[in-house]
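Novice: Dropping the structure in here first, questions after.
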Amino acid sequence: MAMHTNGPVFAGWDGSVIQAQQLQQQLAQRVLLHDEVSATPQLLAGFDVGFEDDGQSTRAAAVLLDAHTLLPLETHVARVPTSMPYVPGLLSFRELPALLQALALLSRTPDLVFIDGQGIAHPRRLGIAAHFGVVTGLPCIGIAKQRLAGSFAEPGPERGDHTPILLGGAQIGWALRSKPRCNPLIVSPGHRVSMQGALGWNLRTLRSYRLPEPTRLADRLASRRGKMPALAADTPLLF
């Protein structure tokens, strides 16, 4: 599959892996690791990405939630041609176009975004949640199911137990036991969220599942090829 570099997401990129890595290093310098989330957030959003047609189509699911009840208010699925093949460490270049399309479908701007993927817990400190945050300017957190970079001590067995993930002596995220007898999640800030804020928001949005509600609902939507989770009562369906 060829790499397609058209559009503002890839402005200035010649399609090479080396330049993509250089762009990641440059964009990582723009990541803000302090809390700029509203003191009284009203809307959260969860995003997840999947692929169809043998990888030729990228599918991004977006769920807008009430920040207080964690009930879904809107669900959307965006599909775009896949821009490049899978390259380890460059997932954001593959997923970002579809995520931006899904974001554009939301009728309201979320106060905080949760993305299924890495934030700064990435070899070059720019996973998909960090890349998305820098491009959109939205506060963003990454929640991944597997470690990509760094090392950590196994957290305790109880829900909420956590240990820092370290890379080169610096903390890049948390290993969070979100559910007993489940592997820990990899939680890291993406943009405009602190290390403690990323952990705190994940704990606040957990229910009885392994994933926090924003990415759990987005994962359901993405994995069911457009089938929507139940929306809050009296909420209009928006497409």
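Glycine residues also receive a Cβ, built from the backbone N, Cα and C atoms like all the rest.
The structure displayed is predicted, hence computed values, not measured ones.
This is the feature table in Swiss-Prot:
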{"type": "BINDING", "residues": "D48, D116", "note": "Mg(2+) binding site"}
{"type": "SITE", "residues": "Y86", "note": "site 'Interaction with target DNA'"}
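For the listed features, I'd like the structural context: burial, neighbours, distances.
Specialist: Taking a C-beta cut-off of under 8 Å and a sequence gap of six or more, D116 (Mg(2+) binding site) has these contacts in its own chain: G46, F47, D48, V49, I143, A144, K145, L211, T215, A218, D219, A222.
Its Cβ taken as reference, Y86 (site 'Interaction with target DNA') is surrounded by 11 other Cβ atoms within 10 Å in the chains shown.
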Novice: Report, as a single number, how many Cβ atoms besides its own are within 10 Å of the Cβ of D48 (Mg(2+) binding site).
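Specialist: Cβ-Cβ neighbours of D48 (Mg(2+) binding site) within 10 Å number 28.
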Novice: Where does D116 (Mg(2+) binding site) sit in the DSSP three-state scheme?
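Specialist: Its secondary structure by DSSP: strand.
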